[in-house]
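Colleague: Before I ask anything, here is the structure I am working with.
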Amino acid sequence: MCGILAVLGCSDNSQAKRVRVLELSRRLKHRGPDWSGLHQHGDCYLAHQRLAIVDPASGDQPLFNEDKSIIVTVNGEIYNHEELRQQLPHHKFRTGSDCDVIAHLYEEHGENFVDKLDGIFSFVLLDTRDNSFLVARDAIGVTSLYIGWGLDGSVWISSELKGLIDDCENFKSFPPGHLYSSKEREFRRWYNPPWFSEAIPSAPYDPLALRIAFEKAVIKRLMTDVPFGVLLSGGLDSSLVASITARYLKDTKAAKQWGAKLHSFCVGLEGSPDLKAGKEVADYLGTVHHEFHFTVQDGIDAIEEVIYHIETYDVTTIRAATPMFLMSRKIKSLGVKWVISGEGSDEIFGGYLYFHKAPNKEEFHQETCRKIKALHKYDCLRANKSTFAWGLEARVPFLDKEFIGVAMNIDPEHKMIKRDEGRIEKWVLRKAFDDEENPYLPKHILYRQKEQFSDGVGYSWIDGLKDHAEKHVTDKMMLNAPNIFPHNTPNTKEAYYYRMIFERFFPQNSARLTVPGGPSVACSTAKAIEWDADWSNNLDPSGRAALGVHVSAYENLVNSVSNGKGVIPENIIPKMEISPLGVAIKS
């Protein structure tokens with residue numbers, strides 16, 4: 001993994017231009033502290049900042065084919081690289097890097113090789129034979145990537161906005177699952193799964209097939225030549241990831257090199273339930289567990305730095321990114337270079353609270369499709385940038401291309417939340433790992449109720465942010481908000497506060513256009529607000545806006561067991577679930 005920066009066709013091959021590209025590349029140095037490099041071919045420049053994970057000794061970039069006519073700079077992990085090498089018997093590889101296959105695949109297949117890559121990636125490939133270039137981004141957008149255009153006719157590519165903002169006339173987020181070819185001068189979608197059309201699938205639910213697919217997704221991500229760990233909050237998603245990793249680690253190359261004892265990490269306010277839940281799961285799995293504490297003031301002090309690194313003014317993204325940002329610094333200080341995390345499960349399986357109100361399976365499925373398509377603007381952006389701010393990589397098995405294919409092919413009727421049938425959020429995932437003979441997790445953890453925020457950390461952290469914003473944004477400022485910020489106008493003081501910081505770092509109109517907006521209830525898309533008439537009067541992206549959904553889901557259950565005595569058995573009271581990210585909140 002690394003940070004990449006490329007300037008292509010700038011009509012300037014001077015030393016001054018080379019110095020400028022190097023200067024901009026250093027803005028990405030936090031992403032790759034292990035090595036940096038710049039390759040120039042005429043008026044094309046390919047720069048990188050490397051975080052060495054596979055073949056740290058010889059895998060420095062750029063990467064080449066045999067005669068160096070094909071040049072590649074890439075940010076990514078190609079999990080099937082060994083299989084791809086076997087398909088290229090007549091090629092000689094210069095390094096053991098997993099990304100070394102890209103140049104050779106291009107030689108064999110031209111531009112139509114990208115769908116052969118199983119992994120996460122953003123790359124720029126320069127073909128010096130005709131001075132053409134190819135840019136591509138992974139299927140879901142786990143890696144961050146932007147594209148910009150200069151007045152001189154140049155095309156710019158960067159892992160982060162900060163590499164483009166001063167030299168491009170216009171720039172935007174590079175769309176996931178697409179490639180851009182200089183020969184066609186347009187984007188082309190290379191990732192075309194059946195679910196992308198939002199057509200309703202009809203495959204029967206096969207719990208064993210789902211389990212096997214997710215286990216494969218986790219196991220393939222254990223490819224490493226450096227120390228790693230897992231983020232463990234005690235919620236369903238991170239706990240499943242940790243359980244599978246702990247179960248299969250001993251049989252991997254990583255275990256032979258670094259030992260079979262898995263390290264897990266969790267962050268939270270002192271005494272918060274995510275710390276307690278994470279430790280409970282860690283004890284059950286036998287991991288070496290590390291707890292990191294932060295205060296509300298610690299988080300507030302980091303907000304400006306967080307916004308600079310994650311490059312957004314989206315409220316819920318900043319709320320969730322801050323604890324992850326603080327935790328990543330601690331993890332990196334222990335010598336760990338990458339972690340496995342739990343993003344994507346709620347989008348695939350409809351785990352958010354508002355999915356209780358999905359009127360039918362068609363609406364349910366279409367909303368999951370919309371949520372997955374938008375992940376690169378929210379959770380993927382946060383997980384990638386808040387960890388890479390400290391040179392730490394996050395791998396996300398729930399967003400494995402093959403696993404998504406299996407999970408999104410299930411008839412959505414099976415994913416629907418039906419309390420009367422004992423089916424809670426993400427029931428198909430929970431059931432798939434409910435193994436009586438060889439349990440993955442204790443029952444109460446496997447079936448812990450989904451919550452948007454953890455108690456303590458969730459409310460005190462969010463309330464602390466709101467109180468801080470209240471002190472810095474006046475009512476008079478809010479009255480002028482539509483005139484100051486006509487695009488994505490902030491409607492709360494907290495949003496206004498974040499927007500001011502963002503605009504200071506990224507004042508260009510192109511930058512503000514990269515950030516999503518629009519109404520939301522509990523992380524819903526705008527379309528899903530139509531599911532409940534009352535939601536339009538309570539537009540808030542946080543989980544609190546849909547807490548009534550959670551309470552109402554238990555009304556019949558509570559009434560049926562209380563026997564009119566007003567006493568509810570303790571095992572019926574819903575338990576809090578912590579974020580799948582190993583962080584304190586989930587917005």
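Keep in mind that glycine also has a Cβ here, set from the backbone N, Cα and C atoms.
In case it's useful when we look at the structure, here is the feature table from TrEMBL:
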DOMAIN    2-185  domain 'Glutamine amidotransferase type-2'
ACT_SITE  Cys2  active site, for GATase activity
BINDING   Asp98  L-glutamine binding site
BINDING   Leu231, Val267, Ser341, Gly342  ATP binding site
SITE      Glu343  site 'Important for beta-aspartyl-AMP intermediate formation'
Colleague: Measuring Cα to Cα, how many Å separate Gly342 (ATP binding site) from Asp98 (L-glutamine binding site)?
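Modeller: With the alpha carbons as reference points, the distance is 23 Å.
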Colleague: Can you give the largest Cα to Cα distance in Å, as a whole number, for the residues Leu231, Val267, Ser341, Gly342 that bind ATP in the record?
Modeller: 15
Colleague: Rounded to the nearest angstrom, how far is the Cα of the residue listed as 'L-glutamine binding site' from the Cα of Cys2 (active site, for GATase activity)?
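Modeller: Taking the Cα atoms only, Cys2 (active site, for GATase activity) lies 13 Å from the residue listed as 'L-glutamine binding site'.
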Colleague: Please identify, among the binding-site residues Asp98, Leu231, Val267, the one with the smallest Cα-Cα distance to Glu343 (site 'Important for beta-aspartyl-AMP intermediate formation').
Modeller: Leu231
Colleague: Between the residue listed as 'L-glutamine binding site' and Ser341 (ATP binding site), find the distance joining the two CA atoms and give it rounded to the nearest Å.
Modeller: 21
